[in-house]
Every structure is written in C-alpha cells, then in structure tokens.
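Down below is the structure, laid out as structure tokens.
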Amino acid sequence: MLHLLVGLGNPGKEYELTRHNVGFMIIDAIMHHFLFPDFKKKHNALISSGSIQSYKVILAKPYTFMNNSGAPISSIVKLYKIPLDNIIVFHDETDIDFCTIRIKKGGGNAGHNGLKSIDTLLGRDYWRIRFGIGHPSNGYDLSYHVLSQFNNLNAVNNTISNIIEHISLLFENDKSIFKNKVKDLIKYTDISS
C-alpha cells in the first residue's frame, strides 16, 4: 500500500529555515535519511518516491505557496489513488509549545491556510502531524513570527531526528505508539526556544 508524506511550506530560499517551512524541513530530512532519489517537479510539487522499511512512500512538497497547497496534493492523491488514511501532512502549529508534536486525524485547521486548502479539495479525513512553533511573544505579529527563522534550530533538528527515528510507526494502524515514542524522546531534549 502506498503512503503519501506531505510537508507544507513556501518555495524559495528566503523561506527555507522559517517556522512556516518546518514541514518542508521534515520531508527533506526524511528524503536524506532514507536515501530517496532527488526531488523532481511534478503536479506543481517536488516529489520523490522510495521506501521506508517495507513501505512504499511518496514524499511531496507543494511548490505553490502555502495557501494553495491543496491543488498539487489533490492531483497526486487522485493520480496514485492514495486513500486519505494513508496521507500524513507535516505542518507548523502556533497553538502548541515549541518542538511539541501532536498527531491527529481530521478535525479543524486552526486557521492554517495550507490545511484549509487541502481540506477544501480532499476533505479533512487525513492525518496531520502538528509541529509546535510556539505562539509569538506579546506585540509580535503572527505572520512575522511564522515567516521568521527559528531561534533554536538545534532543538528543531533534534525533534525532526526523533520523528525520523520512529517514522515507520506512522504506517501502522495504531499511530498513538508513534506519538508516545516521540513525546517520550522530546521530554528529555533541551527544547527551550
């Protein structure tokens, strides 16, 4: 069975290490760790296909801006006939603490425009991995916060490594095992922003 891992972000060098691009950062790290081939541009996304253990996986980074992420993802899903239960979207989340991971299927989009775009075209019944980027300090604009770079990139990279270490658990029926493994690892990591 084919699985689709999607990272949300904005294309362009100026966005590379911004909080809003943590989804892209996760997909890039997965690609390098599991030796996927280089990305190719198809369906208005950067795509790479490979395997994680015995699971066939497509990695995708929509090459539209965040607000239009749904169109390329919908195109990939329809072409490869990927069931919604096999789609996992990695994205930034301002409503949870820095470097905290939450996983859920369906639900609202909490104002996240990338998720809104996907929901409009595919519905909400896919998996989301929410990567906490923290809420901006008093007086800081939310758009400035999400489009600025991380203060503690080391903590971000450690959290991404924890995700990769247990990523094959995401392909199992009980995704709570992944959540608990990653949560336990993060608990012992310095994640001060």
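Cβ atoms are placed via backbone N, Cα and C, with glycine included.
Residues or ranges marked as active site, proton acceptor by Swiss-Prot: HIS20. Summarising the annotation, Swiss-Prot assigns tRNA binding site to TYR15, PHE65, ASN67, ASN113. The site 'Discriminates between blocked and unblocked aminoacyl-tRNA' feature in Swiss-Prot is assigned to ASN10. Under the heading site 'Stabilizes the basic form of H active site to accept a proton', Swiss-Prot lists ASP92, citing sequence analysis as support.
Shown here: features listed in Swiss-Prot, placed on the structure.
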| residue | record | DSSP (3 states) |
| --- | --- | --- |
| ASN10 | site 'Discriminates between blocked and unblocked aminoacyl-tRNA' | coil |
| TYR15 | tRNA binding site | helix |
| HIS20 | active site, proton acceptor | helix |
| PHE65 | tRNA binding site | coil |
| ASP92 | site 'Stabilizes the basic form of H active site to accept a proton' | strand |
| ASN113 | tRNA binding site | helix |
Residue among recorded positions ASN10, HIS20, ASP92 with Cα closest to the Cα of PHE65 (tRNA binding site): ASN10
Nonlocal residues around HIS20 (active site, proton acceptor), in sequence order (Cβ under 8 Å, 6 or more apart): LEU8, GLY9, ASN10, MET66, ASP92, ILE133, VAL146, LEU147
Cα-Cα distance, maximum over TYR15, PHE65, ASN67, ASN113, record's tRNA binders, Å: 16
Most Cβ neighbours inside 10 Å, all chains, among the recorded positions ASN10, ASN67, ASN113: ASN10
Number of other Cβ atoms within 10 Å of the Cβ of ASP92 (site 'Stabilizes the basic form of H active site to accept a proton') across all protein chains: 24
Cβ-based neighbourhood (8 Å from the centroid) of the tRNA site, residues TYR15, PHE65, ASN67, ASN113 excluded: ASN10, HIS20, THR64, MET66, ASN68, SER69, GLY114
Local Cβ density at TYR15 (tRNA binding site) - other Cβ atoms counted within 10 Å: 17
